[in-house]
Amino acid sequence: DDWLALKPQEPSPSQCCGSGCKPCIYDVFEKELAQWERAKAKQDKSLLMEKKEQSSNSELNPETFTAFNISSVEQLTEDTYQYRFELPGNSSLCLSLGQHIVLRGVVNGLEVQRAYTPISPGDAEGYFEVLIKHGELLMLASGTGLAPMLPIIQSITRDEEDETFVTLVGCFQTFDNIYLKPLLQDLARYWNVRIFYILSQETSLEKLPWSYQENTYTGRLNEDLVKTVVNSCRRKPFVLICGSSAFNEDMSRYLKAAGIEENSCFVF
């Protein structure tokens, strides 16, 4: 069981940017899996800690990822940020004109990689900079109000360059009343999509499949829960609302209490 817990997890298709990166996240997985298999065969967990020696001039290694510290983050527009990464000493990336790098990190519990072209000069010493755009959408849907939300989420997940974060809160009476469960579960596998379920007529989560229990609440979507969801977003989101007239009015009131202005909301 200990060895199974240490086994690398195969990436899902949504974690790959599809840009032909080298190494691709799947290449990294294959190497880590081979390393795990060697360590398991010898029953030596220390082998899992092996790291390749980095070159003395600190240039990037095209065969592996290298860790760099973020020294600053500057917000340039409402949803665009400039990240500066530290390089050891006076080293530089030594990239050719137009060449990109691949950044890897963990978002919503998923390991994600994306390709970026640095905006800093190619010969910049001691640092490099990239621009990252972070849009944020919060969707509040009741029952069939889910319908207009799905095409929007799908258009985001199908666009490899769209890095908008989406939080969907779906309100239903019972677990059996949740529409399109397979599609919703598939969308929730994307690194930039979170889905929560609010079940007004369920009294316990114990009988729900384990994959739903962590992101499901019983009762109604009230003001406190809306504030919790809004505060869990990375930045103030633009909110889409769709449900009955009473639901739409309640959500608009709760959002105002959570600090979301009227011009940051759209009601279907």
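Counting starts with 1 at the first residue shown.
Just so it is clear, glycine is given a Cβ too, placed from its N, Cα and C backbone atoms.
In TrEMBL, annotation is done automatically, which means it is predicted and not curated.
The domain 'FAD-binding FR-type' feature in TrEMBL is assigned to 63-178. Taken from TrEMBL, the feature FAD binding site applies to Arg114, Tyr116, Leu131, Lys133.
When each of the binding-site residues Arg114, Lys133 is scored by how many other Cβ atoms sit within 10 Å of its Cβ, Lys133 comes out lowest. Remark: secondary structure over the domain 'FAD-binding FR-type' (63-178) totals 17 helix, 49 strand, 50 coil, with classes taken from DSSP.
When other Cβ atoms within 10 Å of the Cβ of Leu131 (FAD binding site) are tallied across all protein chains shown, the result is 15. Taken over all pairs of the listed FAD-binding residues (Arg114, Tyr116, Leu131, Lys133), the Cα spread reaches a maximum of 12 Å, rounded to the nearest whole number. Shown in sequence order, His100, Ile101, Val102, Leu103, Val130, Leu131, Ile132 are the residues of the chain, 6+ apart in sequence, with a C-beta less than 8 angstroms from the C-beta of Tyr116 (FAD binding site).
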